[in-house]
Amino acid sequence: MKIDTDNLTVASAMRHLRAGDFSARELTEAYLKNIEERDRDIHAYLEIFDDAIEFARAADVKIKKGEAGVLAGIPMAVKDNMLVEGKYATAASKILKNYRSTYDATAVKKIKDAGAVMLGRTNMDEFAMGSSTESSAYGITRNPRDESRVPGGSSGGSAAAVSMGGVLAALGSDTGGSIRQPASFCGVVGLKPTYGSVSRHGLIAMASSLDQIGPLAKTVEDAELVFNVIKGFDRYDSTSFPEDMYHAKNAQVAAGKHTIGIPADFLSVGGIDAQVLESFNRSVGALKDAGNEIREIALPHAKHALAAYYIIMPAEVSANLARFDGVRYGLYNSGADLATDYASTRARGFGDEVRRRILLGTYVLSSGYYDSYYGTANIVRDMVASDFRDAFKIVDVIAVPTAPTFAFKIGEKNNNPLQMYLEDIFTVPANIAGIPAISIPSGSIEINTKLIPIGMQFMAPHLREDILFAIGKDVEAVRS
Ligand code: GLN
């Protein structure tokens, strides 16, 4: 059977592999060929693993024996901030240029154990700080839908890899929107799971109280399949919670149609592109016509989540990145004494955005400022979480645009950090509250004969990814 990667999904590839229509090896070769043809222009990948075919061969043996795991033979890619044993992991930073992982991140181990073919590692903003993948120390990634535009970020390489047909699904990480915003820009599905549902063991930490690993894929069904493989308790991550908590929650699944909350107050913050808003309203209308109930709700503090995020996140960044001192990991620059070693290694190893955040973080944590910045931001964090608790008493899910804009031009915001930070306005609240959120392709606009994708975001109560998948499938149904 001829492999048509344009129309293949994780779910359909699984069926074909099990039916013997093609082998994991043939499937892997088809994706490697796509990468060879397209990635020269896109640069979604930082590295293609030279043993990808070995993974495929092993999967073929298992499939033949009937011992295949859930993802057996499925080509997958991982963002360059997740450890894959024996491979480089740089977080797209010069400071980790030659760093090799000594073990697998738990999420990586889980997809490997399920039989996934590890194709390679994908580009990202340095240490996951950014919304465009332009802050990578190893070159930019282009948006496969329009190469003059960014793919979003920071998981821009993962989103672009899926979007260009360079892999079937990928893992990304999301601290303030880094899975959902690139998914929206590249026309794919991206899930940020509930904080604590996927282990962060082996994820190079950005802001530990916000970071979460999740899938990027072409369909909601595929994202769900991958999520079910990577979630679960891990004794190496004390913030991960036991599997049975899901069963307790999912037992209460609301049958049938959903009540969708629209936070009118939050949507009136300004700065939303008119076409994005129009597309969002059209999608909400279609969901209503399909039998869902639409209810206006209030999230009075959500508009302050961004300000709180840009205090809490850099504070945690400054602590987490202190370990990159030239002694323990990666780059080492020798100076006159130890203090100079540290300073010169860090000055050479970190890019501008990373340095900006470390400086901000140490400032907001410094004595005399701690209470007024970090303390206040944490109070705002509680208020945002409490807004969500109130809202979820009356609605099943909350819908907002994923990002205020569609994919912008390369270079357009790169020298304007504030503009870049505003990209995160609609994604950050879910991280601040720890709730799950998904971005689904919901429309597109035509610019110069190119169809630029627009995504729509849904947020659900803690552990209720099931609702996000159900509503996501509704969106896919009304879209086509
Ligand atoms: N764009 C956001 C930031 O720059 C989100 C990053 C992320 O989720 N890793 O902080």
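Just so it is clear, glycine is given a Cβ too, placed from its N, Cα and C backbone atoms.
Nobody curates TrEMBL annotations by hand; they come from automatic prediction.
Quick look at what TrEMBL lists:
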type	residues	note
DOMAIN	26-466	domain 'Amidase'
ACT_SITE	Lys79	active site, charge relay system
REGION	135-157	region 'Disordered'
ACT_SITE	Ser154	active site, charge relay system
ACT_SITE	Ser178	active site, acyl-ester intermediate
Coarse DSSP state, helix versus strand versus coil, of the residue listed as 'active site, acyl-ester intermediate': coil
Of Lys79, Ser154, Ser178, active-site residues neighbouring ligand 1, Cβ under 6 A: Ser154, Ser178
Cβ neighbour count (within 10 Å, all chains shown) around Lys79 (active site, charge relay system): 31
Integer Å distance between the CA atoms belonging to Ser178 (active site, acyl-ester intermediate) and Ser154 (active site, charge relay system): 5
DSSP-assigned states of the region 'Disordered' (135-157) in counts, ordered helix, strand, coil: 2 helix, 3 strand, 18 coil
Average model confidence [pLDDT] within the domain 'Amidase' (26-466): 96
